[in-house]
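Working notes, structure below.
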């Protein structure tokens with residue numbers, strides 16, 4: 001579906017270009033050439049109220065800008081006019097016009113490709129990150145990776161420059177090409193591009209949202225600020241052209257125009273960070289008794305004590321909030337994938353989740369611009385690089401976590417000697433058992449260590465045979481064993497214990513924990529006491545199956561049945577764990593059993609729930625012929641108390657009993673590895689990292705390789721095949737791809753070298769576009785103002801159109817597709833016109849002249865645009881009402897009506913501005 005939409009949209013854009021070309025050529029050929037000659041323009045100029053100095057400069061400007069009286073077009077800055085020029089037939093002019101037209105299209109493609117490199121450099125520069133330590137409410141410190149560049153500042157500076165570089169550079173280059181005289185092509189392109197961006201791109205973004213979905217602007221305060229500046233920019237342009245100093249631009253006007261650029265960035269940053277007045281517009285929030293966040297007005301907000309305010313500031317910091325939001329999204333995504341692909345292991349699901357996180361994550365305008373350009377020119381999209389990046393990230397993070405574990409072990413490089421294990425449980429009737437002592441570290445030397453038994457509740461001579469000695473470890477030997485004898489008796493007694501202690505290890509060995517082993521002697525003359533060894537257990541949800549140990553002590557005689565069951569707490573059976581119920585069967589002389597409980601892994605980040613495991617009263621299994629004790633107990637149980645003999649009473653004392661701990665609490669918390677993996681993957685879920693290049697080889701391989709513009713399927717390893725259209729566009733654009741593969745990779749000098757080389761290349765291609773556009777209009781008799789708004793503005797804005805369309809569909813907010821349009825429109829005026837006119841005004845001031853700029857067509861075009869811009873922004877605001885709820889998408893009927901209306905505003909702007917340029921309707 002996506003590829004079909006892309007092809008339909010591409011066909012629509014090319015048809016629109018051809019339609020405009022045909023209409024303009026027809027209008028030009030049908031017009032009366034004499035009425036638009038230079039002499040007529042000079043006559044109009046003389047009729048205006050200009051002083052002599054201004055008249056001289058303005059007249060010279062017209063002579064430089066237009067066809068001379070003999071119909072000869074002047075040479076451009078980079079490209080000479082097509083010779084010969086005199087005595088050309090109508091067919092020759094149309095043919096030359098078509099050649100210029102298609103050359104312009106090819107140049108537009110070229111500037112889009114080099115802009116791809118330029119935007120990649122900008123993305124690498126603005127995506128630089130740093131680690132910030134955030135303190136949570138509970139005092140825990142969290143390391144969060146944040147970008148050095150503020151998103152708003154990046155969008156209004158480098159991003160705006162990247163997306164609008166051709167328009168800005170065209171205005172500056174045209175001023176130099178015309179020897180510091182005013183031109184119509186550069187300013188006209190800026191205003192025409194602004195109209196196209198605001199009306200056509202937003203109309204398209206409204207319509208392409210899938211039915212039933214909407215996209216809202218997230219940073220609404222920033223949008224209001226940039227929208228205000230975008231309208232003011234063109235109002236200011238009108239004021240300096242037609243009101244403050246009609247017909248000329250003074251130095252202070254040019255400088256002030258340029259200074260509005262940092263003012264725009266500063267006010268947008270203030271709005272984004274809620275500084276100055278914006279902090280008073282912010283509401284306070286509190287949590288009610290039900291745990292719901294509600295707004296707190298007036299006195300209610302003042303009731304929050306200082307500690308709550310501190311916690312709020314710490315918890316609600318932008319960095320922590322954005323990080324937590326991304327983390328929750330990742331966990332939710334992982335849960336969805338586990339439900340969708342239950343047969344896949346966690347590592348595969350993490351890789352898919354990371355890939356989708358990069359796809360879903362916030363992306364800059366540069367990302368969508370580059371993706372659109374690569375699809376358009378047959379270089380495919382960057383989804384494959386995202387897949388490779390996700391796999392690489394996951395492998396690297398797993399390796400890092402493993403290295404941490406290995407490093408912990410490797411740090412223990414000292415030669416150590418200790419018991420392994422450090423606890424032994426033996427039956428009184430076992431005779432003797434074996435004790436194991438090991439050494440770890442450098443085994444090349446000879447080591448000795450002494451051992452000796454030590455009484456506890458068990459006494460040497462009556463319960464065990466005391467022993468001491470020396471263990472020798474020859475080179476290469478890592479363990480030694482010795483035996484301890486246990487004394488058996490027929491007296492019923494409590495379980496007892498004693499110790500074995502290591503001492504006097506030879507240098508360089510040291511004694512490590514456990515250097516004392518505990519030996520528990522279980523009396524086997526009793527059926528036993530049964531208890532859970534540990535009353536509280538803490539486990540991670542990734543453990544899979546957790547075993548709760550049940551111990552039988554004070555005897556181990558006979559076969560005993562012990563019932564057990566699980567019980568819900570805050571953890572729920574079937575959701576957090578698998579319920580268990582049954583009986584443990586302890587055979588004769590068996591002292592330990594485990595209750596296996598399956599833990600269900602949900603992938604919760606900060607999980608903390610509890611449930612319980614219970615054991616009941618133990619009972620003896622039915623007696624067998626050779627089980628004397630069980631037979632005596634069962635016989636005694638059937639007698640009345642007064643009939644019990646001393647032997648029966650002794651037998652009853654040997655019945656199995658429940659110990660003190662019959663109920664264990666199990667607390668399920670998040671997996672530390674899962675938590676660390678999520679934190680690191682969220683920190684790396686940055687789509688900008690896939691845009692840069694690391695070497696010239698990589699760039700030339702990409703330039704020479706044709707790939708599909710469509711996404712791959714869901715099957716692993718499935719690679720989409722390039723279509724015929726992909727091959728055609730690849731070979732058409734191969735020259736540009738190879739040429740701009742020489743641009744330095746973004747990895748060199750942090751992307752700055754690529755930035756400066758790319759902008760120089762854009763300037764060269766833009767200068768050629770300006771020359772070709774001038775020759776195109778000159779050959780066909782089309783005015784520069786009409787060429788600018790109908791062709792050049794459209795050609796330079798097509799990549800942004802594709803980018804906004806993709807951003808509108810893929811991004812969950814409208815900022816990348818719509819929110820940046822207003823900022824770019826303002827920056828275009830303040831940089832493109834502000835710089836060019838400031839330099840020209842200073843030059844003329846130094847020459848003792850005035851910098852003349854005829855207000856006519858440009859002032860009229862600006863006025864028309866401002867009027868329609870108010871309407872367009874009002875429509876966007878009305879769409880935030882309950883009937884629609886967002887700037888983009890919404891009910892089918894409303895979104896198509898909104899889109900058609902905005903597109904109609906652009907058509908009105910094009911038609912009315914063209915008619916005014918040709919004098920059919922009166923302007924200023």
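In case you wondered, yes, glycine gets a Cβ from its N, Cα and C as well.
TrEMBL entries are annotated by machine, without manual review.
Per TrEMBL, signal peptide is recorded for 1-30.
Long-range contacts of the transmembrane segment (98-120) within the same chain, counting only residues at least 6 positions beyond its ends with a Cβ under 8 Å from a Cβ of the stretch, are 17, 21, 159, 162-163, 165-166, 366, 369-370, 373-374, 376-377, 691-693, 732-733, 736-737, 739-740, 743, 746, 751, 754-755, 758-759, 761-762, 765-766, 768-769, 772-773, 775-776, 779, 791-792, 795-796, 798-799. The transmembrane segment annotation in TrEMBL covers 98-120 (among others).
Annotation comment: TrEMBL describes 156-177 (among others) as transmembrane segment.
The annotation transmembrane segment is assigned in TrEMBL to 189-210 (among others). Residues 5, 9, 164, 167-168, 170-171, 230, 234, 237, 788-790, 792-794, 796-797, 800-801, 804-805, 807-809, 814, 817-818, 821-822, 824-825, 828-829, 832-833, 858, 861-862, 865, 868-869, 872, 876, 879, 887-890, 895-896, 898-903, 905-906, 909-910 of the same chain sit 6 or more residues outside the transmembrane segment (189-210) yet have a Cβ under 8 Å from a Cβ within it.
What TrEMBL records for 222-245 (among others) is transmembrane segment.
The feature transmembrane segment is assigned by TrEMBL to 251-271 (among others). Among residues of the same chain six or more beyond the transmembrane segment (251-271), those with a C-beta under 8 A of the stretch's C-beta atoms are 150, 152-153, 156-157, 219, 221-222, 224-226, 229, 232-233, 236-237, 240, 244-245, 278, 823, 826-827, 829-831, 833-835, 837-842, 845, 851.
Annotation source TrEMBL lists domain 'Calx-beta' at 404-503 (among others).
Look at TrEMBL and you will find 517-616 (among others) tagged as domain 'Calx-beta'.
Tertiary proximity for the transmembrane segment (749-773) is limited to same-chain residues at least six positions away from its ends with a CB under 8 Å from its CB atoms, namely 76-79, 100, 103-104, 107-108, 110-111, 114-115, 117-118, 120-122, 124-125, 128, 165-166, 169-170, 173-174, 177, 185-186, 692, 740, 743, 784, 787-788, 791-792, 795. Per TrEMBL, transmembrane segment is recorded for 749-773 (among others).
The transmembrane segment annotation in TrEMBL covers 826-844 (among others).
Packing against the transmembrane segment (856-878) from elsewhere in the chain are residues 184, 187-188, 191-192, 194-195, 198-199, 202, 227, 230-231, 234-235, 237-238, 241-242, 783, 785, 789, 818, 822, 887, 898, 901-902, 905, 908-909, 912-913, 916-917, 923-924: each is 6 or more residues past its ends and has a CB under 8 Å from a CB in it. Taken from TrEMBL, the feature transmembrane segment applies to 856-878 (among others).
Annotation source TrEMBL lists transmembrane segment at 899-921 (among others). Residues 24, 27, 31, 35-36, 195-196, 199-200, 202-204, 206-207, 783, 785-786, 789-790, 856-857, 860-861, 864-865, 868, 871-872, 875 of the same chain sit 6 or more residues outside the transmembrane segment (899-921) yet have a Cβ under 8 Å from a Cβ within it.
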Reported mean pLDDT - the domain 'Calx-beta' (517-616): 83
Long-range Cβ neighbours of the transmembrane segment (156-177) (under 8 Å; 6 or more residues past either end): 76-77, 111, 115, 118-119, 122, 125-126, 183, 185-187, 189-190, 193, 226, 264-265, 268, 364-366, 369, 759, 762-763, 765-767, 769-771, 792-793, 796, 800, 803, 820, 823-824, 827-828, 831-833, 835-837, 839-840
